[in-house]
Structures are given as C-alpha cells and as structure tokens.
Amino acid sequence: MSENAPSTPLLLRAVRPIGFENAAAPAAAPRDILIGANGRVAACASSLNALPPQTRIIDGDGAWISPGWTDLHTHVWYGGTDISIKPALCGVARGVTTLVDAGSAGEANFHGLREWIIDRADEEIFAFLNIGSIGLVACNRISELSTMNDIDVDRIAATVDAHRDRIVGLKVRASGVISKGWDLAPLKLAKKLGRVLKLPVMVHVGEPLPLYDDVLGLLSEGDIITHCFNGKIGGSILEDEDLFQLVEQARDRGIILDVGHGGASFSFEVARAALSRRLLPQTISTDIHGHSLDGSVWDFPTTLSKLLSLGMPLAEVVTAAGIAPRRAINRPYGDLLAVGSRANFTLFHLLDETLRVKDSKGVESLLRQVFDPRYAVIGARAWPASRYRPQVKQQTACPHCGWQA
C-alpha cells in the first residue's frame, strides 16, 4: 500500500455507523468522526465543532459509515495474469479499502505482485498464494496444477516466510477443470502446508472431481470455501440434501462460507434457498476479474445489493463486507471508532432504486435497493467512490470459468 501522500485532519460529518465491532446494528443518530493528520481517530461524538486548522470536511448528510469494505476474492495481478484487472477498477473507487487477491500469483511470481501491485496501490492488498507455482498466468489455458510437479513445497514455504505481512493463506482450485485427474491430492497437500505454515486454505469448489462432499471433509476451522452458492452440476448444494447438511455442519465447525460471485459461480436460486434456511455466507466477495467485470459481477456494492435483495439482513450484509472478511484473513479491525484507531471506513447510501442484474447463469433479477458508495477512507485520506458502469464488449469466453459475455 502506498502511503506517501501528505495528509491533513479530516472530519466525517453526520454519518450513521453500522457494522462495527460490538455495534453491528445501525446507530440511532448520526455522528461526527474526526481523523487526525496521523490517520487515527481523534474524536467521535454527536457533534464536533472545535476543529484543528486546515481540517477537510466531508458532509455525510446521513450516509451510512461502516468498517472499510473488504473484498476477499479478487484478481488484481494486472499484467502478471491474463485475467486480472487493475486495483483502481475495483478498490477505493468502488468504496473498497481492502482487496484480497485469491491465488493469481504462485511462488514463482509473487514477488512481482508484491512490488508492482501491492506496494503501489492506494488500497490495502493481501493475497492467498496459489499452491501452483505459476498461479493464473494463462488462466486455464495453462493449468497451474497440470502435474504434481507444479507444486514446490520448499519454495512455497520460503515465499510465505518472506511475505508474511501480505500472504494470508493458500489457494487451491479443487475442480476437475483445473486439476484434471488429481482429485483431492492438491488439496491434501495444501492442507498439510497450511498446518505447517499456520495459514488457512481458501478452496475454489466447482466441477467434480473432487466431490464437494470430500472437500468439506478435509477442511478445518478458519478454512474458506469460496463459490459457496455456485449452481454447477455436481457442485450445487441444492442438488443433494446430504451435501446441504454437510455444508451446514462445516459452517458450524468454523469453516467460512464465501460468496465468490465470479463469472460462473453464483446462482440466485441456490443463494435464495440457502438464505431461506439461514445458511448465510460469512463473507461476501466478487471474484472480480477481466471477464466478470463487465459480465455479471460489475463491482462489490452490486454484489452486496444482490445478497440484500435475496433476504440477507442489512446488518449482516455489512458485517460480511467489513469486519468478517478481515477476521477471515487474521487482520481484524478491532474497535475502529475508538480514539487512536487507524481510520478505515466506507461511506455509502442505500438507495431505493431499481436495477436489473444477472447471476452467473444469466438469470435476471430486479433489485429495489442498491448499495451506493460515496467515499473510501484510509487514514486521513478520502477517495470519492461510485458504482461501476459496465461496458458492452464483443462476446468472449472466460478461460477462468467458462462464462460467455
């Protein structure tokens, strides 16, 4: 993260807190939050009028303020893979203060992701290290797991040790499209490495083999299932009541269910059925990349709006966008409103607006409330934010997920 810009004190006036530690429910009345030039909260009260010189004032006008949005599943190794996008397209410009790259880089090229993306971005960026050495350089056209020789445990360990401040877990795509005939072998090795390195594993579930049922049996508390509401044949929790119950049991033993929308991994039908039975995702993420950006995903706030429209309560959506993903990567926010805490906030409105959207299967839905970001705040810096406007592109096939534009 780049921290070279000079700062002056910042006042966030008339904002309504929601989704904070020990106070997830919406605040009864707006608050003023003063952030010092050092980027830390200096005061939080119903009204602040005695301000330091040169204080910049942002009039929240009753906007919601939450812990900074964290997108747990992105692909932002732009230039290093054929599917990644620039952080500027999906980060602070959309109200997202923390991006987590989900396996774009492996041990052979993580240093490039670190030097050219992580260390230069406005956002905080963390990463799950792909257990395949090359990561997603030429996604699916050249599999990162074509043979078991593509996993170098010694180099993975060395890379993690050199970048523990940014590597928050290991990523394995447990899908027949990726690992061909290797079934559970890559996941078993990833789990062993995770235990040795004391890191969680994020698992992409999709087309068998391996079977989703068997994947769940290998995971433990703190591991993450991404694409939890996919509608793929052989991987959908709606197809099999036994599988649905296995997923419920996995959640109960501390495995994190992550949305990971993506170009082929989110179904309105599956999500609606799960939510109706109180199987809620702990984290909401986009799996945004160069093909899903203008496809069915668009951005993080639109993804939040989809879960809200399906019946997930507002406070739980905001928690799944802020404090929960930070806990999942073992970088908890703590009490962000306490004096002395480093500022990390998202300001947004919830608009009564109709918006026609699609899931990854092309099924349409009409949203009637939409998350509309206004500002991303990190330290004493604030970036104006807005929703992404998708671009119409020539039809293409996504090598990452099979999505058709």
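From the backbone N, Cα and C atoms, a Cβ is placed for every residue, glycine too.
If you look up TrEMBL, you'll see His73, His75, Lys171, Asp287 marked as Zn(2+) 1 binding site. Taken from TrEMBL, the feature Zn(2+) 2 binding site applies to Lys171, His204, His227. Look at TrEMBL and you will find Lys171 tagged as N6-carboxylysine. Marked as site 'Transition state stabilizer' by TrEMBL: Arg173.
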| request: Starting from the Cβ of His73 (Zn(2+) 1 binding site), draw a 10 Å sphere and report how many other Cβ atoms land inside it. | output: 30
| Taking the Cβ of Lys171 (Zn(2+) 1 binding site) as the centre, how many other Cβ atoms fall within a 10 Å radius? | 27
| note | Cβ atoms other than its own within 10 Å of the Cβ of Arg173 (site 'Transition state stabilizer'), all chains, total 28
| query | Which residue, out of the binding-site residues His75, His204, shows the minimum number of other Cβ atoms inside 10 Å of its Cβ in this structure? | reply | His204
| task | Give the distance between the Cα atoms of Arg173 (site 'Transition state stabilizer') and His73 (Zn(2+) 1 binding site), rounded to the nearest whole Å. | result | 13
| request: Identify all same-chain residues not among Lys171, His204, His227 whose C-beta atom falls within 8 angstroms of the centroid of the Zn(2+) 2 site's C-beta atoms; report them in sequence order. | output: His73, Ala102, Gly103, Val172, Arg173, Ala174, Ser175, Met202, Val203, Val205, Gly206, Thr226, Gly260, Asp287
